[in-house]
């Protein structure tokens, strides 16, 4: 029986690897991918990278992926699996199968908006997944130095220093977050030990060097001067208005309301632990009611009020925005309280609190930057997942009782994704063949039908919409330059 169990786990690990390999093949290309393929060359790689932004490593990986299908498939698979490993490693459960399975399940159940701009978008994948992995490693190392039972190995520390430098060349807000969290870690170490930690200080210096390398790119000076169309600092009204709008409207939406499912699971897990906790049980009934009210205020508000009355469309309402913010703030405060009283292990408590602190730090730069989107909150979702694992670990061996349920959910959802993306992939091939068929039949170049792909909620801009996108689309698929497309919905049968 034990041998059979080991083989079952091996099959699951192989299945997870195969799942991501298949998804790497099936994920369609988008406007950025076409553009990178057409406008980047290995011989002039340095110049090509300087033309865009300071995300040098992310863009470099994207270019390699667009010029080598094998690299894309293998790196997509490896990075996706590495994310699962890091989420479990940081909570010290990477050797327990059930936790690996939980990580995989929640990562494929990520909100569709976040999925579409990370796993469902090749360019987004190579910026947001590697940067999140590196940031998790930095956070893990800092907490390990502060609260670990043993000293970190020299290889671990050298890898940490490398991450501090090169982790700064992916995403702007993560770059700032890395420097801030290292500085906070170094400060805490100094207060605790009355001395400085060499590796944390050097790590902070390297992170600053990496940040300087990123932000010296000319594009950021243009953004500050307001000379770019897409990106900007502040908004049309002013920087204070931008901060207020982001804080009251965008943050509650992206951090809490859009990531509702994992937060409901966190609430349920914490509730089970609270009713077993002697400190909570002995509290005054008013305090217990307040804690439970705060813990379920967000789930019930989202389900019974926010969704039912479609509050998401009232983007100009200050009262609704303030209500959203207060509900989320109360929920966040209860999570802090629950962490303090439920997690007794010093290291694990530091991990959970570190995740909550990281949620705040990693979103601070977004207060003044426009636009922001779902992809900016992928790292937040990963932090919620690690926060969840910190509480799940409190159940010890009892967690194995839900293995069958987790397996069923993982199988069902992964199968749905594979089937869905298979249809997307086949439709992507068919629409190019359809365009070529229209040309063979002598259809005028000014009225070529271009069908959208199915399930575009899970992909990012896979149908061109601007003149530049159409030009790149035609060049990538070697279509005549004078084609004029009529974009129609998926399943369109008319002329």
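Using N, Cα and C of the backbone, Cβ positions are placed for all residues, glycine too.
According to TrEMBL, the feature transmembrane segment maps to residues 154-170, out of the candidate ranges 35-51, 52-68, 154-170. Counting Cβ pairs closer than 8 Å to the transmembrane segment (404-425), the top stretch among 12-31, 73-91, 198-221, 287-306, 376-392 is 12-31.
Between the transmembrane segment (73-91) and the transmembrane segment (198-221), the number of CB pairs under 8 angstroms, six or more residues apart, is fewer than three, so the stretches are not in contact. Here the transmembrane segment (154-170) touches the transmembrane segment (198-221). Their Cβ atoms form 3 or more pairs under 8 Å, with each pair 6 or more residues apart.
Listed as Cβ neighbours of the transmembrane segment (318-343) (distance under 8 Å, sequence separation of 6 or more from its ends, same chain) are residues 247-249, 251-253, 255-257, 263, 266, 270, 273-274, 277, 279-280, 291, 294-295, 297-298, 301, 306, 311, 349, 352-353, 356, 387, 390-391, 394. Between the transmembrane segment (376-392) and the stretches 12-31, 98-116, 176-191, 350-370, Cβ pairs under 8 Å are most numerous for 350-370.
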